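Asker: So TrEMBL has the following annotated:
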| type | residues | note |
| --- | --- | --- |
| COMPBIAS | 561-573 | compositional bias 'Basic residues' |
| COMPBIAS | 587-599 | compositional bias 'Basic and acidic residues' |
| COMPBIAS | 626-639 | compositional bias 'Polar residues' |
| COMPBIAS | 640-652 | compositional bias 'Low complexity' |
| DOMAIN | 556-602 | domain 'Signal recognition particle SRP72 subunit RNA-binding' |
| REGION | 538-660 | region 'Disordered' |
Amino acid sequence: MAPKAKPKPTAAPAVSIEDLFTTLNRHIQRSEYEQAVKVADQVLSVAPDDEDAIQCKIVSLIKADNIDDALSTIVALSKKFPFNFGFFKAYCLYRQNKLDDALEALKSLEKDSATMLLESQILFRQGNMDASVDVYQKLQKSKIESLEINLIAGLVSAGRATEVQGIMDSMRVKATSSFELAYNTACALIEKNKYSDAEQLLLSSRRIGQETLMDENLPDDEVEIELAPIAVQLAYVQQLLGNKQEAIASYTDLIKRNLPDEPSNAVAINNLIALKGSKDVSDGLKKLDRLIQKNSGDQSFHLVPGLELKLSPKQKEAIYINRMLLLLHSNKIDQARELADALPQMFPTSVTPVLLQASVFVKENKAGKAEELLWKYAEKFPDKSKIVLLARAQIAAAAGHPQIASESLLKIPDIQHMPATVATLVSLKERSGDIEGASAVLDSAITYWSNEMTEESQLSVIMQEAAAFKVKHGKKEEALKLFEKLVKSHNSIEALVGLIETAAYTDVEKAETYEKKLKPLPGLTSVDVNALEKTSGAKYVENGPHLGNNNVEVHESKSKEKVKRKRKRKPRYPKGFDPANPGPPPDPERWLPKRERSSYRPKRKDKRAAQIRGSQGAVAKEAVNAGNTKSSQPSNAKGSSSNAAQPKPSSKSSRKKSRN
């Protein structure tokens with residue numbers, strides 16, 4: 001019997017596009033983005049030019065964090081269809097941290113709330129905080145969810161924390177309206193040095209966050225991850241308040257828990273290293289090496305992917321700076337130099353990299369190269385030269401180059417005439433032997449403060465020090481004029497004393513004239529100065545009388561009294577003692593121990609005797625031979641040769657003989 005033929009498989013019924021879009025929508029609502037991409041491909045296989053399906057695929061790829069696939073899909077479909085995917089392309093470039101390309105892609109798009117919001121985020125990531133805040137402020141009239149949160153964060157990052165309260169009042173929002181806004185407002189309080197208020201607001205933020213996230217039915221571990229930035233910031237506030245041990249415990253606990261929130265972990269590690277300083281250098285380097293990676297091709301550095309896109313430029317720079325300092329503390333100069341050379345390209349607008357490069361030269365005892373590097377940078381970027389010139393002055397002063405140090409300080413105009421700067425410049429000029437230059441610095445400071453008639457004027461201080469300096473270096477005429485100005489303008493007793501002392505060298509009559517203005521000291525009215533000058537001087541008497549109002553008169557009255565003489569008494573002798581025949585005097589050392597008396601002689605130990613070893617009664621051969629040689633020698637010492645070398649007595653034997 002012939003076998004039955006197999007039935008042909010029937011074709012699957014075609015699924016309508018409506019059903020596919022229904023399935024696609026269901027996957028998107030459930031956040032099943034990988035499945036949504038597959039369904040979108042099914043739709044595109046039926047209708048390749050369906051714009052909605054293309055957008056759903058691109059958004060699903062972005063939501064699934066497949067940014068590279070999303071960007072390649074945009075590029076490929078843009079060549080086939082005339083659809084405008086500029087916004088999605090800009091967002092993908094933003095996610096890839098290609099910020100300049102992302103801004104360029106946005107330029108061709110119409111300015112609406114979505115593009116402006118993305119632009120502000122890109123500017124924020126670039127570190128251009130002021131421009132980011134300006135865009136946010138233009139969006140205040142738009143009804144964008146959580147706009148105030150991002151705006152406050154931008155203001156804090158831009159260093160405009162003082163504007164936060166005014167913006168919140170204008171937007172009619174309270175700090176406690178959400179835990180994110182409370183967190184950002186607390187950061188603004190930290191910038192304004194209101195640490196206690198910031199701590200209370202952070203505690204409120206944590207409480208509000210726990211209530212909000214628990215209402216959303218999030219599990220406890222995800223709630224902890226969401227609130228990790230608040231925990232790190234609370235530890236930072238404890239650090240600022242001086243509670244060092246509490247801050248260390250909080251940072252350590254956060255690091256041990258190893259939460260999936262990589263930015264919070266990185267900030268906790270960085271702050272803990274900064275708090276410990278030079279302690280546990282090796283452990284700090286190990287922790288930072290987990291955050292920093294090195295490119296094998298161009299020898300540059302970058303953070304791990306989870307941090308490179310989420311940390312601000314300021315936070316990234318702090319991590320690199322701490323690693324650099326740890327390398328210097330551990331004397332790993334080669335690695336420190338390699339990192340220092342890479343930092344200027346990574347943070348071109350920051351002045352810290354050039355300071356770190358100079359510190360490497362100083363560590364290598366190449367102060368001259370450090371001074372040259374800082375000088376070139378100050379000339380190239382005069383608006384950032386203040387801190388660079390201060391560093392150069394410090395390095396030069398420590399290296400024994402006072403002239404270079406003073407030259408650096410003289411290039412900083414806004415601190416030129418401050419008392420501390422003037423004192424430093426005068427000291428440096430003195431060290432370099434430039435007395436005229438030091439005097440010119442003081443004269444310039446006097447001229448400056450004479451024109452600055454404010455409550456904070458330092459004229460009297462500068463003039464007093466200038467006059468003392470001129471007296472010290474023999475310019476008494478100039479010092480006399482300064483003292484006279486001080487006496488007339490400020491009526492200073494110190495200046496009056498200095499004036500009299502200085503005038504005594506040049507103009508005695510003027511000194512006597514001003515001497516009359518001095519108030520006499522109480523209790524010295526009866527002292528004869530001429531008689532006092534003829535005396536040999538006062539002698540120190542322990543527990544003697546202190547100078548008071550009537551001490552001189554009491555001393556004079558006592559000197560007039562006759563000194564009473566003590567009556568001599570006959571000595572009392574022991575019973576039966578005849579002072580006419582006292583006998584031999586007693587031994588003055590009779591009360592000393594025997595070991596301390598001069599007549600004491602310790603027992604000698606003959607070290608020359610050979611050590612006898614062996615059975616009892618045995619005699620050493622050396623002793624027998626020594627006895628035989630002694631007996632064979634002549635008894636007369638004079639018969640021996642005069643050229644024979646005499647053994648030197650030991651130091652101990654010489655001391656014993658000297659005592660005999």
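Even glycines carry a Cβ here, placed using N, Cα and C.
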Asker: The compositional bias 'Basic and acidic residues' (587-599): which same-chain residues, six or more beyond its ends, come within Cβ distance under 8 Å?
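Answerer: Tertiary neighbours of the compositional bias 'Basic and acidic residues' (587-599) are none.
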Asker: Over the domain 'Signal recognition particle SRP72 subunit RNA-binding' (556-602), work out the mean pLDDT and round it to an integer.
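Answerer: Across the domain 'Signal recognition particle SRP72 subunit RNA-binding' (556-602), the average pLDDT comes out at 76.
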Asker: Using DSSP, how many residues of the compositional bias 'Basic and acidic residues' (587-599) fall into helix, strand and coil, respectively?
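Answerer: Going by DSSP assignments, the compositional bias 'Basic and acidic residues' (587-599) contains 3 helix, 0 strand, 10 coil.
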